[in-house]
């Protein structure tokens, strides 16, 4: 009887020791995952700051684009402004919305840094980022088509290129379109990071 009791005591002790080892091993495995998620969240925050700069640059550059030629006739004054074209007006509105959204998304990005396993904030960001990348690309593509016509014209439609006369105007709108496409690419990278972070959840 005594030997049986001793064997039982030894088995119980070994079981507790194995359980403690399993818990310690599990914590050691989970810690690198938390560190990876936090690193992804920090990179996401940096991308959002960069996207804010790109979207704001696109908005302000396009929104302040205006050029008046130094010569005019008795009845005409040659002027080019962004609000003369609906595509450019849509471009300014879309990038302004994207800029505002990026500012509002910063607190949620910080939450993902502080709490790497918070799935709700990350899921909200990936949904809104997807909407914003669609809006930004649509605006940039529409404006890019107008910029192409301004540079090259269209002989079939008898549309002449205007960039030889309005060179400052064309340079400004071209730069704004490039900045908007950069913002769209940054949005795509943020979506990839969010999807990867959710996959590792």
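Cβ coordinates are placed from backbone N, Cα and C, and glycine is handled just like the others.
Residues or ranges marked as topological domain 'Cytoplasmic' in Swiss-Prot: 1-38 (among others).
Annotation source Swiss-Prot lists transmembrane segment at 39-59 (among others). Taking Cβ pairs closer than 8 Å, the transmembrane segment (39-59) reaches residues 91-92, 95-96, 98-99, 102-103, 105-106, 109-110, 112-113, 116, 125, 136, 140, 176-177, 179-180, 182-183, 186-187, 189-190, 193-194, 196-197 in its own chain, all 6 or more past its ends.
For the topological domain 'Extracellular' (60-89), the model's pLDDT averages out at 74. Look at Swiss-Prot and you will find 60-89 (among others) tagged as topological domain 'Extracellular', backed by sequence analysis.
The feature transmembrane segment is assigned by Swiss-Prot to 90-110 (among others), with sequence analysis given as support.
Residues annotated as topological domain 'Cytoplasmic' in Swiss-Prot: 111-129 (among others). Through the fold, the topological domain 'Cytoplasmic' (111-129) approaches residues 34, 37-38, 41-42, 44-45, 101, 105, 187, 190-191, 194-195, 197-198, 201 of its own chain, all at least 6 residues removed from its boundaries and within a Cβ separation under 8 Å.
Feature annotation from Swiss-Prot assigns transmembrane segment to 130-150 (among others); the stated evidence is sequence analysis. Counting only same-chain residues 6+ beyond the ends of the transmembrane segment (130-150), those with a CB under 8 A from a CB of the stretch are 55, 58, 62, 85, 87-88, 90-91, 93-95, 97-98, 101-102, 159, 161-163, 166, 169-170, 173-174, 176-177, 180-181, 183-184, 187-188, 191.
Look at Swiss-Prot and you will find 151-175 (among others) tagged as topological domain 'Extracellular', backed by sequence analysis. Beyond the ends of the topological domain 'Extracellular' (151-175), by six or more residues, the same chain brings 61-62, 64-67, 69, 78, 80, 82, 88, 143 to within a C-beta distance below 8 angstroms of the stretch.
The transmembrane segment annotation in Swiss-Prot covers 176-196 (among others).
Feature annotation from Swiss-Prot assigns topological domain 'Cytoplasmic' to 197-201 (among others); the stated evidence is sequence analysis.
Within the topological domain 'Extracellular' (151-175), the DSSP-based counts of helix, strand and coil residues read 11 helix, 2 strand, 12 coil.
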